[in-house]
Amino acid sequence: MARYKGLSILSLFAVFSSLASAELDCSNIKVDGVMWNFGKLGGAHSISETASSHEGYNTTYTLDICKPLTKTLCKKGAFVCAVRNATDINGIERTMDVIDIAGNFVLNSGRTLDPIFTRLKKEDPKTEGLKMELHGGKHKFGNLLKRQKAVITLLCDRERTGLEGLESPKPDGDKKKDGEKKDDDKKDNKDKEGKSKRDGEENKRSLIFKSYNEEEGTLDLEWKTKYACENVEDGGSAPSGHWGFFTWVIVLYVVLVSLPLLSERVTNVRCHSQPVPVHFGLSDIRLVAQLQPVWSSRVGLASSQ
């Protein structure tokens, strides 16, 4: 019996380990009949945020929307990880906190990624893209253990691949600070120049940090990319703009109704010595005229979706 239990535990451990390393099929996401392929956005990408209320602190958010991160301070199975650093008076940066935001943490908390996808056009017809909500993380702030999640809004931008301005994380989860002010910069110009550089970099970057709410445990990111569009090559594919099923039923009905009339007229032509012109009756023309607006509206509706 002990041996059987041992095998069961090993088997369960193997199952949980495989769940922790499970990938997200980012190249085949289907919502409301629309397919998205974000495979080219895969890989670990980082973005940093400096908390204005805590001078000297900065947080680096690293994510991979396709598979678990491999080089990170977060637990195994993390898809989104936050590393909070602080710089001391000697200019040495130290890691102060690590936050597991999203991932498959079956071996730790039993929570999984549980992805939720929402087509943006469903919320706003004028906005094209996909909202990706990833779960699984937990973190203790004070005495409270907060559940974490990442909300990534992938917006359609046909001029961007989505890789513009992205940073590659270091093995420890930190990153190189592009555009960071040097220590010998003048104090009077530091804030002004720093803000100007941040604004310029933000305009160039496709992945943008929006907010992190500690009370709700929610990280909000925005990602501009052509792969969020619904009709780009290797990206999204819009619902078919061809005629729908109901439209084809109407067309088939008209054809079936017209066939007996046409057959009768052809028979009459063969029976008469003099040629008799073949034409549709006035009722047929009226029927087609009445159905024409219906076809037009159906085609227009399909094209707009």
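Just so you know, glycine gets a Cβ as well, placed from its N, Cα and C.
According to Swiss-Prot, the signal peptide annotation covers 1-22. Marked as topological domain 'Lumenal' by Swiss-Prot: 23-242. Positions annotated as domain 'MRH' by Swiss-Prot, on the basis of sequence analysis: 24-231. The disulfide bond annotation in Swiss-Prot covers Cys26-Cys66, Cys74-Cys81, Cys156-Cys229, and the record cites sequence analysis as its basis. For Asn58, Asn85, the entry in Swiss-Prot reads N-linked glycosylation site, with the evidence type sequence analysis. Among the features that Swiss-Prot reports, region 'Disordered' is placed at 163-202. Positions annotated as transmembrane segment by Swiss-Prot: 243-263. Per Swiss-Prot, the feature topological domain 'Cytoplasmic' maps to 264-305; the stated evidence is similarity to another entry.
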Confidence summary (mean pLDDT) of the topological domain 'Lumenal' (23-242): 84
Rounded inter-Cα distance in Å - Asn58 (N-linked glycosylation site), Asn85 (N-linked glycosylation site): 5
Integer Å distance between the CA atoms belonging to Asn85 (N-linked glycosylation site) and Cys74 (disulfide bond): 14
Among Cys66, Cys74, Cys81, Cys229, which are disulfide-bonded residues, the residue with the most C-beta atoms within 10 angstroms of its C-beta: Cys81
Protein Cβ atoms within 10 Å of Asn58 (N-linked glycosylation site), excluding its own: 19
Surrounding CB atoms that lie within 10 Å of the CB of Asn85 (N-linked glycosylation site), all protein chains: 19
